[in-house]
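J.: To start, I am sharing the structure in question, which I have written as structure tokens.
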Amino acid sequence: MVLGRGLLGRRSLAALGAACARRGLGPALLGVLHHTDLRKNLTVDEGTMKVEVLPALTDNYMYLVIDDETKEAAIVDPVQPQKVLDAARKHGVKLTTVLTTHHHWDHAGGNEKLVKLQSGLKVYGGDDRIGALTHKITHLSTLQVGSLNVKCLATPCHTSGHICYFVSRPGGSEPPAVFTGDTLFVAGCGKFYEGTADEMCKALLEVLGRLPPDTRVYCGHEYTINNLKFARHVEPGNAAIQEKLAWAKEKYSIGEPTVPSTLAEEFTYNPFMRVREKTVQQHARETDPVTTMRAVRKEKDEFKMPRD
């Protein structure tokens, strides 16, 4: 994980959030956590589809997905509602849709406040534990945000109801985007809180891995530098990892996000996307992608991060 200077550690923040959520204080906590001033917003303009990258909390990302043709927008994981509404106002768009990847407080914890601040929002998600849910979705459910198509991809493992959102414009020349929450990170993947190595293999290789190679990957957290340090440990001879790590350090030093990546890139440096590669299997001392996934995830969970 990557931490801002002088900020709460990720574990401390998560523990604090969980404790407050148990006491019904989640929204109150989220309202006072404004640690993202050190990280910049980023607008990715892909023609008629724009994505505003909105840093949140310590290392989360929210994403405002804009159809420039109709000026309609969706928000992915709006944990800081006022920041979302300010961004929508800045772009002059109508926010109609909430896309929730999973129920964890740092992704879904702003839903209930947001629907109070702006009425009429459609709130999508794949888990009844998601606050303010209006539309429960399943694998391959589809919806529209203006002229943009949104396909819902079930990726259970980090949580049992985790959904990734694949967004494209029919007939458009711009590359599609996928919003992966805590399933796929830049150079990493989420912990297996409610699932298995087999499920994560299916999620990464069979569901996400079969999307177009130029698909932009927008993940839920800024964990890139530490993910790449672990990837370097797994494959020390992989030049793609070294190059991406140097690039990520430069981005982080000037406060810029390291998202998006692309699926094609992830297959070159993400050890969890590379569990079929001999170099990763040899490191794990396994010969099967699923057992390699299990071994590499266990090692990552216990990995002592170098300070470089």
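Glycine is treated like the rest: Cβ placed from N, Cα and C.
Pulled from Swiss-Prot, these are the listed features:
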{"type": "BINDING", "residues": "His102, His104, His158, Asp182", "note": "Zn(2+) 1 binding site"}
{"type": "BINDING", "residues": "Asp106, His107, Asp182, His221", "note": "Zn(2+) 2 binding site"}
{"type": "BINDING", "residues": "Lys191, Phe192, Tyr193, His221, Glu222, Tyr223, Arg297, Lys298, Glu299, Lys300", "note": "substrate binding site"}
{"type": "MOD_RES", "residues": "Lys116", "note": "N6-acetyllysine"}
{"type": "MOD_RES", "residues": "Lys229", "note": "N6-succinyllysine"}
{"type": "MOD_RES", "residues": "Lys229", "note": "N6-acetyllysine"}
{"type": "TRANSIT", "residues": "1-13", "note": "transit peptide"}
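Give me the structural setting of these features: burial, nearby parts and distances.
T.: Within the same chain, residues at least six positions away from His158 (Zn(2+) 1 binding site) with a Cβ under 8 Å of its Cβ are His102, Gly181, Asp182, Thr183, Cys189, Gly190, Lys191, Phe192, Tyr193, Glu194, Gly195.
Within 10 Å of the Cβ of Asp182 (Zn(2+) 1 binding site) there are 27 other Cβ atoms, across all protein chains.
Secondary structure at Glu299 (substrate binding site), as computed by DSSP, is helix.
For the recorded site, Lys116 (N6-acetyllysine), the DSSP three-state label reads helix.
Applying an 8 A CB threshold to same-chain residues 6+ apart, the list for Lys229 (N6-succinyllysine) reads Leu245, Met305, Pro306, Asp308. Secondary structure from DSSP puts Lys229 (N6-succinyllysine) in a helix.
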J.: Could you list the residues of the same chain, at least six apart in sequence, whose Cβ is under 8 A from the Cβ of Glu299 (substrate binding site)?
T.: Val234, Ala284
J.: Could you tell me which three-state DSSP class His221 (Zn(2+) 2 binding site) falls into?
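T.: Going by the DSSP assignment, His221 (Zn(2+) 2 binding site) falls within a strand, counted as strand.
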J.: For a quick check of packing: other C-beta atoms within 10 Å of the C-beta of Glu222 (substrate binding site), how many?
T.: 28
J.: Compute the C-alpha separation of His221 (Zn(2+) 2 binding site) from Arg297 (substrate binding site), stating it in Å without decimals.
T.: 17
J.: Give me the CA-CA distance between Lys116 (N6-acetyllysine) and Asp106 (Zn(2+) 2 binding site), in Å, as a whole number.
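T.: That separation, Cα to Cα, works out to 18 Å.
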